[in-house]
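Lifted from TrEMBL, the feature list:
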type     : residues      : note
ACT_SITE : 174           : active site
BINDING  : 173, 177, 183 : Zn(2+) binding site
DOMAIN   : 75-273        : domain 'Peptidase M12A'
SIGNAL   : 1-17          : signal peptide
Ligand SMILES: [Zn+2]
């Protein structure tokens, strides 16, 4: 009986994953804004994958959808106390050591490595295999997709569940959290760019829409950021929870990879001396450490 249950849940998981992949393909050229079209928005993927987060004893308390917060430190973000950037090496690169759990299949592992490597061509971030460093990103398949914001010290879990998180945009999204970024719709200037409809939000999930006093690094609000949730995020009634303003029909939260602004922000936060940073339209605002 136990074996049967195990087989059944394995089957259910693979059906679930298959459904997600089909939605990806189906929606690639479909930019509609109905809830059905939103099946592959970042937030929909995260919500599906995170349905069971917190049920495991060793999971961190998860707030803001997929941002992990250590229990007991909810009121004092470690970033504000000691800075949470990853250190810069003398060659100008920022080396972020990583370890990938052996839970993954070869295909999944390759997908994760591709995601890690995707930062190198356009930023100074270099995710490199762990080699004795004390602070590193510990990539594991836990019950959902989540990450801490910024460097926390020692091994910090970035959870990429095999059931629903091993996709390019989710991998980049969680790594951007680990580099220090929050969700786009929590930005300090979000009220000029989106309207939040709390009346449509699942009761108890309103905290996902709290505004954060972010430093925005002189970059514009970006609906196409891989950090932006979709318009039906945490909806209790199939009605939108995030509406772009002034044009309500603009597509939001559908990024399949980091946007140019996501890349620019990484370059500004870490003061990368890359072509992308050089080409930046606005002057870099120094001393603005994010968060
Ligand atoms: Zn997130």
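Yeah, the Cβs are placed from backbone N, Cα and C, and that goes for glycine too.
Keep in mind it's a predicted model, so treat the numbers as computed, not measured.
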Open item on the list: Applying a 10 Å Cβ distance cut-off over all chains shown, what neighbour count does residue 183 (Zn(2+) binding site) have?
Closed with: 28
Task: Those residues of the chain, 6+ apart, with a Cβ under 8 Å from that of residue 177 (Zn(2+) binding site) - done: 66, 67, 147, 148, 149, 158
Open item on the list: With an 8 Å cut-off on Cβ distance to the 173, 177, 183 Cβ center, who else from the chain surrounds the Zn(2+) site?
Closed with: 42, 66, 67, 147, 174, 176, 181, 182, 226, 227
- [ ] Starting from each candidate's C-beta and looking 10 angstroms out, tell me which of the recorded positions 173, 174 has the most other C-beta atoms.
- [x] 173
TODO: Find the average pLDDT over the domain 'Peptidase M12A' (75-273) in the predicted model and report it.
DONE: 92
- [ ] Could you say whether, by DSSP, residue 173 (Zn(2+) binding site) belongs to a helix, a strand or a coil region?
- [x] helix
Task: Rounded to the nearest Å - Cα separation of the residue listed as 'active site' and residue 183 (Zn(2+) binding site) - done: 10
